[in-house]
């Protein structure tokens, strides 16, 4: 047993409360080194002579180097001490505690979770756990009111190829008109990229945080949109651009006019005066040298209060949550206060950050409920679209990503295939619809919350920005209606099968050579097995039936029964076919 590879800490994603009397603990060990992992635990103040409770830690998954184990400690009090008992392949056993490793329990020490406070139990909105999110880029979704079209509005056409300065006239009235379409699709929440006043088509350079952009409509129209969506059971999530403002934002205009005498000079990161908006700016911006997007100094109390007032205003209009742009470049203290504010106004409001990398620093229950899961997207691109990785590597990447976060966060990560910032996934697949469908099936069944970028469901293509922002195709004869029906069916299954929204996830099969991948999601006695043939040829696979699973499984997409024999399921899959199998009592 390689002791140097064994890791645990009594915090973060390795020890976190599920409730005031339940603690989830994880342990990492070298792959294949530990065959049994037990956790012995008691109240922190229990005497050494008292009998310890035992919990068996099951294997949560593996990556290329490590196995990960998880146990749920059912605690009699809110104070916990615990030690691991690890057994190797040859029967060798060792205790592992805060002091280190020892053959004697008393010499290994104990890990301690001092006290489980109710305020530290990470909770997320119940509705979000079962949500299917649909992302709308308002300028390109639907034009419902031509009277507010900006000058130079271009023709809304299937073959449109937008430029960075293109406008097509999409607006909020257009979204209202298309709510029946979205309801038919089955989505339960709409995420809007920015809708506040701004000179650009994308609106990430905010001029007025308290006004709807006139090209999109007005406040009464927005309120109608919220009411109509809510009537259909659809939530509304807005984009908050608090990392930076636009160069037409009132405070920045004041700095441009008054220079060092401006009362707002400390709202921004200005190096010297006068302020220069040339290609070489002397102030911090979004990304690198983007003059139209000056970075806000969010640790400034005045900036913080202004942005909090913005959040209050829009929540008073009835929105259900926020997606936070460039969230990883805003200070943590700001987000902690933001969470307290938002949850005080609406405990059921959802807070989602835009973070493209490991977001564990923001997902411990004190800042965000979720993030846009770009780690998921990277793995999905390389497995389904480009074929850069095989099934075994894919499984390893998924496991490693799951272990980054508490299960409350992992359950609600926004699993996206593409967005307004990326190439369309169908384009990434080289237009291969079979590959695309297989990835969508995975997205709709895997742990997390599916996020659909507008138009994916009817087969829209597009390279990177601005091509990924083409106007939505509304003529049915130009839409891929078969793909639309495929999305509808998968969303319907997701809503119907509790395992797909509430279940844990365990790897079932990962064949490096055949590129076959399977996983199982379980809640109580309900199992859903998902089997994916990520190869352009017909293949047969034998799967061991999970211990608690029955012999007969239902193919949810065909309605046919699949019968196990001698503890195995024999399945034959067409090229790029996915199967969703249900087994329960």
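All positions are counted from 1 along the displayed chain.
Cβ coordinates are placed from backbone N, Cα and C, and glycine is handled just like the others.
Note that the coordinates shown come from a computational prediction; the quantities given were computed from them, not determined experimentally.
Taken from Swiss-Prot, the feature Ca(2+) binding site applies to 143, 145, 148, 149, 169, 171. Around residue 169 (Ca(2+) binding site), taking its Cβ as the centre, 23 other Cβ atoms fall within 10 Å, counting all chains.
Taken from Swiss-Prot, the feature substrate binding site covers 244, 323, 420, 421, 465, 469. DSSP gives residue 465 (substrate binding site) a coil state; it is part of no helix or strand. Counting Cβ atoms from all protein chains shown, residue 465 (substrate binding site) has 15 others lying within 10 Å of its own Cβ.
The active site, nucleophile annotation in Swiss-Prot covers 325 and is backed by similarity to another entry. Around residue 325 (active site, nucleophile), the same-chain residues six or more apart in sequence whose CB sits under 8 Å from its CB are 194, 204, 239, 240, 241, 242, 243, 354, listed in sequence order.
Annotation source Swiss-Prot lists active site, proton donor at 354, citing similarity to another entry.
Residues annotated as site 'Transition state stabilizer' in Swiss-Prot, with similarity to another entry given as evidence: 421. Around the Cβ of residue 421 (substrate binding site), a 10 Å sphere holds 17 further Cβ atoms from the protein chains shown.
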Fewest other Cβ within 10 angstroms of its own Cβ, chosen from the recorded positions 149, 354:
149
Candidate with sparsest Cβ neighbourhood (10 Å radius) among 323, 420, the listed binding-site residues:
420
So which one is it: of the binding-site residues 244, 469, which has the fewest other Cβ atoms within 10 Å?
469
For residue 171 (Ca(2+) binding site), list the number of other Cβ atoms lying within 10 Å of its Cβ atom.
27
Could you measure between residue 145 (Ca(2+) binding site) and residue 420 (substrate binding site) for me? Cα positions, answer in whole angstrom.
23
